[in-house]
Amino acid sequence: MNTQLLIQLLVNGLVVGTLYGVVAMSFVLIYKATQVVNFAQGELLLVGAWVCWWLLTKYQVPFYLGMPITLVFMFLFGIAIQIVILRPMIGEPIISVIMVTIALSTVFSALMKWMFGVNLQPFPRIFQTQNVNILGLQVQTVYLMSLAVSVAMMVGMAWFFRLSKYGLAMRATAFNQQVAQSLGISVKSVFAMAWAISATVSAVAGVVVAVVNGVSAGLSAYGVKVFPAAILGGLDSVGGAVLGGIIIGLLENVAHFLDSEYLHWGNLYEIAPFYALIIILMIKPYGLFGTKDIERV
Amino acid sequence: MAGQTLIPAGDFRTSYAADTTVFPTTTSRNAMIAGIALICLAPHVVNEYVLSLLIQIGIFGIAALGLNIVVGFTGQISIGHAAFFGFGAFTSAYLSNRFGIPVFFCIPLAGAVTAAVGLVFGLPAARLKGLYLAIATLAAQYILLDFFARAEWFTGGSVPASAEPFSIFGYMLRGDKQYFYVVLAYVVVCYLLVTNLIRSRDGRALVAVRDHYLSAEIMGINLTKYRTLSFGLAAFFAGVGGALYAHYNQVVSNEGFGIDRSIIFLAMIIIGGLGSIMGTLMGTAFMVLLPESMEWLSVALRDSPIDQFLGLKNNIAFLREMAIGLIIIIFLVFEPDGLAHRWRQIKAYWKLYPFSH
């Protein structure tokens, strides 16, 4: 047994998993607040990463300035999507809403390929030192940054929902839209804000991935990995999404380890989360922390 | 009632038979027969390119019809239809290569095998609904695609599998012109089958599941059975379409059965109209012609300032992709009932012309 590789992969899984968790968290945020399953989550990641890359390379904006500009842009972008495209869909059947977000993802991914090409573009270097030595293990600085940013975002999100007034309004809307409206909460602005926050958080995750791996159209794959993570945690549980993301990240890498060491099936890394997804749906469809919605006739 | 030539301005139907008839008037039946006869002439009139488009419309139209059963009539969501389409293509090629079964029988057999696979993947539909089901079918899409890449005995792995050309009673059909009639025959049979299915007891049960599943269950409709059945039926038509596709191209490669194809199938039925049989064909025609029209657009704009600015020629693939996404959004926002609804409105307008109100 190759312990070195296993540890390396577990660290890898933890880092990737927290990123999945962050993306799943922003996915669940939209679902909880607006009852929309966002199939374009991966593209929000992609747009954020490309915008930041564009500012940094084409206009030579320093990172500490480029990042806030990207986030402000994504905030407005999220609001714009909600107002222009999702708002007319309120009250439409579920299939229409799902199709709109699928179509959005098609449009954005094609647009990004058109504007920036299909090749992997390296992100400008941000850190001077490549590796840090922790307990005798060489860890890349970008990994540490990724972990730190992810945890910071999760803590920020928790604070927002638990303690801020707006977060409370959002939770109230998620609980019951009509009651929330009757208590003076503007449901419209809550919807827009949910998209804005989700887009911003996704963009942060996108930039983090871009710093680690470079930017390419493949980034939107994170949007697909969101589904196993969110389903595992329960579709309407923010904490569950984070945990689900970490588990899926670890599962992927464990599958990769088993595959390369013992099974040699190849490609198990990519497909394992989907098998997990089917199994979860069959035995525990509402996930670890999701609200059970049981109907009997 | 069937003896009438025009629909009367009002509802005068007195029997169930009159209410569920396929052709409300003799004119509509004759028009359909004349239309099919006219299309039979197409291979002798149109050029190769138009003919290939017509064949594609037929093949995808059959697969989209299956998707419309599950999405439009039963109200379940399936985002993995292209995988079943691909499965049908590989199955038909495999059956004819491995066992030497004549292609004539391979196509319905491929449909049956794909239907069995569809039933397996439809099992989650017995427990799940809405979003959860959508995500389960998405997983099915990825798992089947992975299976295609993995199962070399079945698909040939990275080497495309070859499919025999269509033959009937030892007579080999060669070229698009002859294959066109095969596709046309299948289109007519499949569309008639589904039209009659929807008129039957089972078809009404499917629609009842869509309209209100709790009421349907109370009325004695077995939800589990009909939800799973709808997936099996959808997969059957996807398999038949895929098999026709395989023998049309005569090679089946791993590409072209991905999630983007599934999205195109969904776009076809949304643009055509959910729960409309003729709408499915209209939507398919629309979605086959849309990417082509992007091609024509780029040719028309060649060397113009717009072309130089946007680089249309080099980015035609992205332009097509974007057009597909945009058209879905536009239809969902402005015309959620699809082309079939628009067609009914046009008919209603002309029925009462010039006194439209």
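Along the chain as shown, residues are numbered 1 onward.
The backbone N, Cα and C atoms fix where each Cβ goes, glycine too.
Feature list (source: TrEMBL):
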TRANSMEM  A:9-30  transmembrane segment
TRANSMEM  A:36-56  transmembrane segment
TRANSMEM  A:63-85  transmembrane segment
TRANSMEM  A:97-120  transmembrane segment
TRANSMEM  A:141-161  transmembrane segment
TRANSMEM  A:192-215  transmembrane segment
TRANSMEM  A:227-251  transmembrane segment
TRANSMEM  A:271-289  transmembrane segment
### Query
Are there three or more C-beta pairs under 8 angstroms joining the transmembrane segment (A:271-289) and the transmembrane segment (A:97-120), sequence spacing 6 or more?
no
### Any contact, the transmembrane segment (A:36-56) to the transmembrane segment (A:141-161), with at least 3 Cβ pairs under 8 A
no
## Note on the structure
Highest Cβ pair tally under 8 Å against the transmembrane segment (A:227-251), stretches A:63-85, A:141-161, A:192-215, lands on A:141-161
### Contact ranking winner - A:141-161, A:192-215, A:271-289 against the transmembrane segment (A:63-85), Cβ under 8 Å
A:192-215
